[in-house]
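A.B. asks: I have a structure here, written as structure tokens, and I will follow up with some questions on it.
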Amino acid sequence: MNKIFIIIKREYLTRVKKRSFIILTLLIPFLFIGFAALMGSIASSKSEKKNIAVVDDSHMFEGKLKNNENVSYTIIRGNVDSLKHNINNDDYNALLYIPAFDPNQKDINFNLYYNEQVGIITEKTIGDNLNSILTDERMSKAGISNEQLEFLQSESIHISSIKDGKESSNASSIAIGTGCGFLLYMFMLFYGMSVMRSVMEEKTNRIAEIIVSSVRPFQLMMGKIIGVALVGLTQVLIWIILFGVFALIGLPMLTGGMHTAMDPQAMQQASENTNMHALESLLHGPNWIAIALWFLFYFLGGYFLYAALFASVGSLVNEDPQESSQYTLPITLPIILGFVIMSKAISDPNSPLAIFGSLFPLTSPIVMMARIPFGDVPAWQLITSAVLLVLGFILTTWMAGKIYRTGILMYGKKITLKEVGKWLVRK
């Protein structure tokens with residue numbers, strides 16, 4: 001047992017002392033925050049304002065088209081065939097031609113001429129403006145006021161999800177489930193591959209020959225797996241602390257800055273925004289302690305299960321690292337399958353496919369963590385999933401141990417899957 005602890009200590013300290021580990025551990029949270037800020041900035045950025053010339057033969061839209069931040073309109077006269085050839089030569093980006101038409105007809109088509117693409121947002125803005133004016137015209141002829149139309153179109157019925165006497169939010173459950181499932185998907189792949197690369201490096205450099213002269217191959221494999229697991233937990237803990245600090249310090253500073261830039265009326269409107277309600281439900285709705293404990297369990301269970309398989313793959317590779325691709329595909333496919341089933345589990349947590357994915361050990365870490373935030377997973381399914389995952393880990397560790405014991409000392413020979421099968425049945 002002391003030998004395993006020595007290997008664990010060596011694996012852990014060797015990795016956490018690397019400059020790359022320190023840089024990535026500290027940098028990744030800021031990259032995520034920066035990426036989210038960049039996406040928000042891009043989404044909220046305004047496109048260049050387009051000048052649209054309008055030839056209105058219907059005379060219905062003259063004086064009614066209103067300029068906004070995306071589009072400005074200019075009513076012009078002339079022949080459309082000659083005007084559309086002067087687009088971009090004049091002071092407009094496109095020419096909108098509105099022929100004479102019957103407002104009561106169902107399908108109405110107007111032409112927008114341009115030489116350079118004006119963009120889908122501009123086209124949608126123009127369409128919305130025209131439809132709004134046409135709707136007002138039809139309402140006026142039908143004797144319907146704007147207030148009556150707004151009342152008829154208003155959403156009078158709202159559905160509230162109630163569980164055990166408390167209102168729950170599916171939106172927050174979906175967000176948490178997706179985030180947890182995606183993190184486990186990335187962790188199992190990243191840290192599993194890390195174990196495989198470590199085994200491959202020691203084998204190709206002939207370091208393993210020296211190490212196994214002092215320890216058993218199984219001890220070496222378990223030491224590597226546990227050592228990398230501790231590295232992963234250290235990384236996750238640091239990220240949780242950094243994100244927690246940002247949530248406590250960064251978010252109040254951002255919201256404080258936003259409030260100072262707003263007038264009191266805007267502040268009142270912002271406080272009543274639905275996003276604030278979504279944030280409140282995200283913080284107070286889910287059982288965060290249960291989610292955190294189950295996340296830790298499935299993180300460790302899923303990692304140990306796949307790390308043992310990746311370690312066995314690393315022991316099969318000779319001098320050519322490209323050989324690993326033929327062995328890793330059968331291992332990575334269940335992880336990808338779990339990620340695919342997760343999408344179904346989020347939309348329908350109690351579907352047969354979601355239940356199967358959350359019980360099957362190779363997919364349960366991802367799929368079950370997508371279901372848990374919804375809070376209605378039966379206890380028997382949680383217990384069965386946990387037991388099967390532990391049994392799966394024991395089975396894969398036993399299989400990986402038999403493969404690792406023989407493969408780590410084999411050089412210069414291409415190992416086939418048939419030969420690996422013989423190692424597994426050998427006593």
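Every residue gets a Cβ built from N, Cα and C, even glycine.
These came from TrEMBL, pasted as-is:
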DOMAIN    19-400  domain 'ABC-2 type transporter transmembrane'
TRANSMEM  21-43  transmembrane segment
TRANSMEM  174-193  transmembrane segment
TRANSMEM  225-249  transmembrane segment
TRANSMEM  288-317  transmembrane segment
TRANSMEM  353-370  transmembrane segment
TRANSMEM  382-401  transmembrane segment
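Tell me what's around each of these sites.
C.D. replies: Within its own chain, the transmembrane segment (288-317) has Cβ neighbours under 8 Å at 176, 180, 183-184, 187-188, 191-193, 195-200, 203-204, 221, 224-225, 228-229, 232, 236, 323-324, 327-328, 331, 335, 361-362, 364-366, 368-369, 372-373, 382, 386, 389-390, 392-393, 396-397, 399-401, 403-404, 407-408, 415, 420, counting only residues six or more beyond its boundaries.
Residues 217-218, 221-222, 294, 297-298, 301-302, 304-306, 308-309, 311-312, 358-362, 364-365, 368, 372, 424 of the same chain sit 6 or more residues outside the transmembrane segment (382-401) yet have a Cβ under 8 Å from a Cβ within it.
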A.B. asks: Could you check if the transmembrane segment (353-370) is in contact with the transmembrane segment (174-193), meaning 3+ Cβ pairs under 8 Å among residue pairs at least 6 apart in sequence?
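C.D. replies: Yes, the stretches contact each other.
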A.B. asks: Which sequence positions outside the transmembrane segment (174-193), separated from its termini by at least 6 residues, show Cβ-Cβ distances below 8 Å to it?
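C.D. replies: Result: 228-229, 231-232, 236, 282, 286, 291, 295, 298-299, 302-303, 306-307, 309-310, 328, 331-332, 335, 338-339, 342, 345-346, 365-367, 369-374.
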A.B. asks: Hey, which bits of the same chain come close to the transmembrane segment (225-249), Cβ under 8 Å, at least six residues off its ends?
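C.D. replies: Counting only partners 6 or more residues beyond its ends, the transmembrane segment (225-249) has Cβ contacts under 8 Å with 4, 7-12, 15-16, 21, 25-26, 28-29, 33, 187, 191, 194-195, 198, 299-300, 303-304, 307-308, 311.
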